[in-house]
Amino acid sequence: MAGAIIENMSTRKLCIVGGILLVFQVIAFLVGGLIAPSPTTAVPYMSVKCIDVRKNHHRTKWLMPWGPNHCKKLKDFDEAVSRQIEANDIVFAVHIPLPSKEMSPWFQFMLFIMQLDIAFKMDNDLKENAEITLDVSLAYRDDMFDDWQEIAHAIEIRKLKCTFGSPKTVESEGRHYDCDFLPFMEIGSVAHKYYLINIRLPVNDRKGINVGIGEIKDIRLVGIHQNGGFTKVWFAMKTFLTPSILIIMVWYWRRITLMTRAPVLLEKVIFALGISMTFINIPVEWFSIGFDWTWMLLFGDIRQGIFYAMLLSFWIIFCGEHMMDQNERNRLSGYWKQVGPIAVGSFCLFIFDMCERGVQLKNPFYSIWTTEVGTELAMAFIIVAGICLCLYFLFLCFMVFQVFRNISGKQSSLPAMSKARRLHYEGLIFRFKFLMLITLACAAMTVIFFIVSQVTEGHWKWGDITIQVNSAFFTGIYGMWNLYVFALMFLYAPSHKNYGDDQSNGDLGVNSGEELQLTTTITHVDGPTEVYKLARKEAQE
């Protein structure tokens, strides 16, 4: 009778916790959908053609497109020809942001892509596989009357990929090519109020620089930055979730250390998963509001990579530890074939990220995709990581199949087992199926919301209510994986309650060899988990 009362309390507790987690999950989606604005904003910029007759002085003289000290402007290149102004004396100037506005550290990052307006002309046609050379400079200031301070200067080469939809005849002169967008610049912080970009297209017929690139009419930029309102909501979520996961981690590890045995492998992996989740949650981004930390994008990628690698490793080890008759459990070395591809794939993606965003810390105009060698290197890293990911999922599917085959075999022999042994295996089976269901639901929701965010316009409008789909995707999925880790540590924390004599070794009715198999799983004679207690209740009923 006392055991039934305890099990009823455990069941109610699980139901209450499950309901609370579901409420928090809904809140996470609603915070992004109803409170936060769209995650990013795209701002188009049209460059202004400035005249700079001072040769080799562009590093010390910055040309402003507007304002009290604006440059001498050209309306178009026909005016330049009539005034005998050379191409090397023309600078394309872009001021960020637009007039009467300021940038803010809450924008977090700036990403720019370039579009060239190239007109067809019979005597200046665009050659196949043409490359354009850009002499670009970036500067900043925090007051409209301060001097510009240089951030970066580089000479970059971009490949032009353009198509022309009409026959190349005299009648088609003046029509524009359809050119792909070009990667231009990425900065990992927005620490200043004003930015200035000066772009030159140096021409050198002898060296073949900027020859055969067609007649460039204009240079357009599209700047993308994170919305300040979304940043504040995102920081608030991180600030709230960090202590939540830390508290459950301390509680979980304290439960384990109070046991008379050493922690088993699955317990250690769950704790490591909690550490990696905490590493993502810690809101170090708050410091980016006051400091010019351009490495925050790279740091964020590394944090996410560690978490995903730990999550994939956990799924493999979780399946392996639930192969109930496997002798090589509770040892990390027994999973080297499955964990190896995860390590190799993660390392390849890390090297790729260092080659891209790592270099951008010194040169924000750099892109690994702009050269043949860089493209081949990047594709090699991505392909190797993709192969490792495919191998991982093959191993995972095989292990899941083995576990379910084991489960089917055990279920057929459950009635012949002693009560304690039958309850033990029923606990393992219920726990595995329960977590597999939650895992599949989390993975499915991640994929579904990602697809929805890509195919929709970014928001849904129901009457007077506007739901930001993209923001809901970010906050909801982020909250979901936090709740997933929270639930793991709660459900798999050992219990220290006394359930009577039926939990003693003698009543299990198994020999020492069988007992060794039982203790290599998370459910130990020192105390069952919350899910195991729930399984006992269902088995008794």
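Placement of Cβ uses the backbone N, Cα and C atoms for every residue, glycine included.
Worth saying up front: this structure is predicted, and the values here are computed from it rather than measured.
Annotated features in TrEMBL:
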type	residues	note
DOMAIN	48-226	domain 'Wntless GOLD'
DOMAIN	227-496	domain 'Wntless-like transmembrane'
TRANSMEM	233-253	transmembrane segment
TRANSMEM	265-284	transmembrane segment
TRANSMEM	296-318	transmembrane segment
TRANSMEM	339-359	transmembrane segment
TRANSMEM	379-407	transmembrane segment
TRANSMEM	428-452	transmembrane segment
TRANSMEM	472-493	transmembrane segment
Across the whole of the domain 'Wntless GOLD' (48-226), what does the mean pLDDT come to? Round it, please.
88
Please check if the transmembrane segment (379-407) comes into contact with the transmembrane segment (296-318), where contact means 3 or more CB pairs closer than 8 Å and the residues in each pair are separated by 6 or more positions.
yes
Folded-back contacts onto the transmembrane segment (339-359), same chain, C-beta under 8 angstroms, at least six residues removed:
186, 188, 297-298, 301-302, 305, 308-309, 312-313, 316-317, 332, 366-368, 374, 377-378, 381-382, 384-389, 391-392, 395
Recorded stretch that, among 233-253, 296-318, 472-493, has the most CB pairs under 8 Å to the transmembrane segment (265-284):
296-318
Contact set, same chain, for the transmembrane segment (296-318): CB under 8 Å, 6 or more residues outside the stretch:
108-109, 186, 188-189, 265-266, 269-270, 272-273, 276-277, 279-280, 284-285, 288, 332, 335, 338-339, 342-343, 346, 349-350, 353-354, 357-358, 361, 392, 395-396, 399, 432, 435, 439, 481
